[in-house]
């Protein structure tokens, strides 16, 4: 769920998790359209696409099991849908951590009107 995703982000970036990314660029937060503005926004685009492929549960509300082991996020071995959601969140959190150098404060609260020409998943 979103709380768990926020914990993963915090662990991988040292930031305040979702609060640092919830209104970033064209894809971080609810919905999304346009071309990702940078590598950080692309992490959100890929995450949105991943959620779009999940079947059988609501990715934003589903509670899954995971742990942190030696700095790595490890998803539990539960039913397919929950494991898929966890993997989407895990990959995105790692992506944010790997692309912190592209995070640009000018893309926080970015105007959705500027987001055009959508990419395809």
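Any Cβ shown, glycine's included, is placed from N, Cα and C.
Straight from Swiss-Prot, the features:
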type: ACT_SITE; residues: 47; note: active site
type: ACT_SITE; residues: 89; note: active site
type: BINDING; residues: 27, 29, 31, 48; note: Ca(2+) binding site
type: DISULFID; residues: 26-115; note: disulfide bond
type: DISULFID; residues: 28-44; note: disulfide bond
type: DISULFID; residues: 43-95; note: disulfide bond
type: DISULFID; residues: 49-121; note: disulfide bond
type: DISULFID; residues: 50-88; note: disulfide bond
type: DISULFID; residues: 57-81; note: disulfide bond
type: DISULFID; residues: 75-86; note: disulfide bond
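For the recorded Ca(2+) site, residues 27, 29, 31, 48 set the reference point as the centre of their Cβ atoms, and the other residues of that chain within 8 Å of it by Cβ are 26, 28, 30, 32, 33, 44, 45.
In the three-state DSSP scheme, residue 50 (disulfide bond) is classed as helix. In three-state terms derived from DSSP, residue 95 (disulfide bond) belongs to a helical segment. For residue 121 (disulfide bond), the nearest of the recorded positions by C-alpha distance turns out to be 48; the candidates were 31, 48, 89. Taking residue 49 (disulfide bond) as the reference point, the disulfide-bonded residues whose C-alpha atoms are within 10 Å of its C-alpha, out of 26, 75, 88, are 88. Of the listed disulfide-bonded residues 88, 115, the Cβ environment within 10 Å is emptiest of other Cβ atoms at 115.
For residue 75 (disulfide bond), the same-chain residues 6+ apart in sequence whose C-beta sits under 8 angstroms from its C-beta are 64, 65, 66, 83, 86, 87, 90.
Of the recorded residues, residue 48 (Ca(2+) binding site) and residue 26 (disulfide bond) place their C-alpha atoms 11 Å from one another.
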